[in-house]
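Copied from Swiss-Prot, the annotated features are:
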BINDING   Met75, Cys76, His77, Met113, Glu114  substrate binding site
ACT_SITE  Asp128  active site
Amino acid sequence: MTDFTHLDDQGRVRMVDVAGKDVTRRVAIARGRIDMTADTLDRIFGRNVKKGNVLEAARIAGVMAAKRTADLIPMCHPLNLTHVRVDFFPDPGHNRIEIEAEASLAGRTGVEMEALTAVSVAALTIYDMCKSYDKGMIISDIHLKSKTGGKSGTFLADRYGHP
């Protein structure tokens, strides 16, 4: 019926069987951003937010989210991640924080969804902790920056103009 790997011949949803795939090192890096007012950005980096250290809470939330991706996205395989990193890069000229997450493992399926989930939940955590100051924050541009390993090889998003 289709070339979609998560659909069978009758169009029913299924989890892909990865048992026959080779175990390889797989790494994915995702990015996104959250735009805010200058005051909110100053509060975050001045550690002047009532709820606490925003970036450390967002980092922890991102790591936890990467580990729980299979609980959130129905056809994702539960993975034994070996590494998750979440970093933040302030961009005061645009009143935003860039968020980057990396996930890796040695396994039979990729970690793209885990990296994307880490970025998404880190951004949501920043929003949650700062919404009393700035309800107009905008989470955007969440995308896969790169991935390596597996049958499909290497993907680099900068081919498409992403940072």
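All positions are counted from 1 along the displayed chain.
Heads up, the Cβ atoms here are built off N, Cα and C, so glycines get one too.
Positions of the features from Swiss-Prot, shown on the structure.
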{"residue": "Met75", "record": "substrate binding site", "Cβ contacts under 8 Å, 6 or more apart": "His6, Val13, Arg14, Met15, Val16"}
{"residue": "Cys76", "record": "substrate binding site", "Cβ contacts under 8 Å, 6 or more apart": "Thr69, Ala70, Met113"}
{"residue": "His77", "record": "substrate binding site", "Cβ contacts under 8 Å, 6 or more apart": "Met15, Val16, Val18, Ala70, Thr109"}
{"residue": "Glu114", "record": "substrate binding site", "Cβ contacts under 8 Å, 6 or more apart": "Ala28, Ala66, Lys67, Thr69, Leu79, Leu81, Val84, Ala103"}
{"residue": "Asp128", "record": "active site", "Cβ contacts under 8 Å, 6 or more apart": "none"}
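For the binding site of substrate, formed by Met75, Cys76, His77, Met113, Glu114 according to the record, the largest Cα to Cα distance is 13 Å, rounded to a whole number. Around the Cβ of Met113 (substrate binding site), 22 further Cβ atoms fall within 10 Å across all displayed protein chains. Within 8 Å of the centroid of the Cβ atoms of Met75, Cys76, His77, Met113, Glu114, where the record puts substrate, the same chain has further Cβ atoms from Thr69, Ala70, Ile73, Pro78, Leu79, Thr109.
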